[in-house]
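Noted in Swiss-Prot for the protein shown:
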COMPBIAS  84-108  compositional bias 'Polar residues'
MOD_RES   Tyr86  phosphotyrosine
MOD_RES   Tyr97  phosphotyrosine
REGION    71-108  region 'Disordered'
TOPO_DOM  26-36  topological domain 'Extracellular'
TOPO_DOM  58-108  topological domain 'Cytoplasmic'
TRANSMEM  37-57  transmembrane segment
Amino acid sequence: MEGLRPSDRLLSLLLTVGGLSLVLAQSECNCSSVSPGVLAGIVLGDLMLTLLIALAVYYLGRLVPRGRGATEVTRKQHIPETESPYQELQGQRTDVYSDLNTQRPYYK
């Protein structure tokens, strides 16, 4: 194991520990074992089925029009505009703030 990289060492350690637990589990029970080919087929089938479901949901989601966005746009177009409760700006009015225009010595 001197020529192995750290990742290879970790992989070999995990495979060894996993293999030992598999042997111990088989010796303790009378269960039928699953071959690695069957296990790989189950995992790949599950991945393919998951991908197929995700793609079907994506494409069906694109076919269905968006319910909320479409109704909000049409609803907003039918609402008549109301007058603004705010007063329009009239420009600068010096008479309103003329009494504040005094200069105090501590602001200089």
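Note: Cβ is positioned from N, Cα and C throughout, glycine not excepted.
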Cβ contacts of Tyr86 (phosphotyrosine) (under 8 Å, same chain, 6 or more positions away): none
Taken over the topological domain 'Extracellular' (26-36), the model's mean pLDDT: 73
Collapsed DSSP category at Tyr86 (phosphotyrosine): coil
